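The structure appears below as structure tokens.
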Amino acid sequence: MRPSLPAHRRSKESPLSSDAIFTQSHAGLFNLCIVVLVAVNSRLIIENLMKYGLLIQAEVLFSSKSLKDWPLLMCGLSLLIFPLAAYVIEKIKARRPATAVAPLHLINLAAALLYPIYVIEMFQSDLLSGLVLMLIAVTGWLKLVSYAHTNADIRAVKKDGGKIELPAEAPAIDYPDNISLKNIAYFMAAPTLCYQLSYPRSPRIRTGWVLRQLGKWIVFNGFMGFIIGQYMNPIIRNSTHPLKGNYLYAIERVLKLSIPTLYVWLGFFYCFFHLWLNIVAEILCFGDREFYKDWWNAKSVDEYWRLWNMPVHRWLVRHVYFPCLRLGLHKQLAILVVFVISGIFHEICIAVPCHMLRGWAFLGIMFQVPLVLVTNVLQRKFQSSMVGNMIFWFFFCIVGQPMCVLLYYHDVVNRQQLQLAGRSK
């Protein structure tokens, strides 16, 4: 390079400038953050253990009542009757096209949701057992809705002379050949909520890979259990109801709880969406592994909800949002309907295991609607900034999640104390 040659040939941005931050690799800084987090948190863990000792107790995760929730186990196993009923209904429709099956599907769907709710309330199950059962029941319910809705749409397309589109990597199958026990059994086990005739398939099962992911799943679940028992549980027990009493103290408790809550939430995301769903997909040779996108880069709350949980997002878009548009609803009203349905199911999954209806989960989801509007406005105003991303992290993780945990904890404790007082009288 001669001295006369120009050293500056074109306009360039600094690697950390807002215009280049998403096109530049920051792997080294990411590694530095990991090293710093490990070092800082290792010191905090050692300091905590030296000061308080090991606080983890078995009843933090499993109470003695959890081991006696056999009715819930039997209820969970008997939920298989509802996919079988859906298969029988579709089989009747395939053989007798004139039969009206929509009422039968509605009855089956209602029973599939009300039955586990009744069992949980009837036997006053433990929180963890009831939560697991409700998550399984709601997941199955969403799948059954997709199964009925998709088959009805397939029949409508074929009646109009149309052709059903299949993925290029999926086995060829046509209606009504898909109405089989094998087909619905695969769908109910597959890591998706959206039914279709066939799915992209991977060529083989990598046994060693599955075992490695399973090992990570066990380690990270242990990590979450440690954080809950050693940090979250003492903070929560030493707190007061965040909407009653000293608000400054409540803010301090929320902020103190925010970091361990964030760690647990990120651990849950990694365990479920990355490890568990990939393990299930590998075992079933399910080809589409896009269970999430880069939600951590979301510049608005709206963008976050489109990226973080792809199975639920696809289900809501396919079976709620576009049907609302086809009914003539405005786009914004259709989005509101999506949030309302999401809020209702969040509330069901939490309120039923807690044996009380407070509406905190529903209100938390509905609070996202004004946040969507605010972050969208900020994104349009500051197109090259991360203002919306910081607002998302603050309201969703630093404030929202610990506040929700405290609200439900104290409501559950207050309910239990009232029950004990009533029994003593």
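Start at 1 and count along the chain as shown; that gives each residue its number.
Cβ atoms are placed via backbone N, Cα and C, with glycine included.
Here is what TrEMBL records for this protein:
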- His346: active site (ACT_SITE)
- 21-40: transmembrane segment (TRANSMEM)
- 70-89: transmembrane segment (TRANSMEM)
- 101-121: transmembrane segment (TRANSMEM)
- 127-145: transmembrane segment (TRANSMEM)
- 214-232: transmembrane segment (TRANSMEM)
- 262-286: transmembrane segment (TRANSMEM)
- 333-353: transmembrane segment (TRANSMEM)
- 359-378: transmembrane segment (TRANSMEM)
- 390-409: transmembrane segment (TRANSMEM)
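Here the transmembrane segment (359-378) has Cβ contacts under 8 Å with residues 299-302, 305, 335-336, 339-340, 342-344, 346-347, 349-351, 385, 387-388, 391-392, 395, 400, 404, 407-408, 411 of the same chain, all six or more residues outside its ends. When the stretches 214-232, 262-286, 333-353 are ranked by Cβ pairs under 8 Å to the transmembrane segment (127-145), first place goes to 333-353. The transmembrane segment (390-409) is not in contact with the transmembrane segment (70-89), judged by fewer than 3 CB-CB distances under 8 Å for residue pairs 6 or more apart in sequence.
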